[in-house]
Amino acid sequence: MSFLFGGNNRSVEGSVDPAKIEMAVAELDMITDVFNRLVNSCHTKCISSTPLNHRYAEGDLLKGESVCIDRCTAKFFEVNKKVGERMSAMGSAAQATGSFGR
């Protein structure tokens, strides 16, 4: 990845596979999407949003908010893992039977 940050001044344009760059960009987009969904979901659930608390009174999270964020994050990743495993199993089963995409 040093070519992205100018670490290697050799002529890298010819040696960089555009398909790999496209896959890396797509992966970064997916990771960013997961992160944004996690932040939005857990913030909405855990950070008090009553009219009196729309402005953050404290610079840090309250203890209850912090615990909620920790639990929400753990649950989010656990569900994400289980969904990924289930989708992988479904894809493998469909591929084995030849019914993928039908």
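Cβ coordinates come from backbone N, Cα and C, glycine included.
Taken from Swiss-Prot as is:
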type	residues	note
DISULFID	C42-C72	disulfide bond
MOTIF	42-72	motif 'Twin CX3C motif'
DISULFID	C46-C68	disulfide bond
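In the three-state DSSP reading, C72 (disulfide bond) counts as helix. Counted within 10 Å of its Cβ, the other Cβ atoms near C42 (disulfide bond) come to 19, all protein chains included. In sequence order, E65, C68, I69, C72 are the residues of the chain that are 6 or more apart from C46 (disulfide bond) and have a CB within less than 8 Å of its CB.
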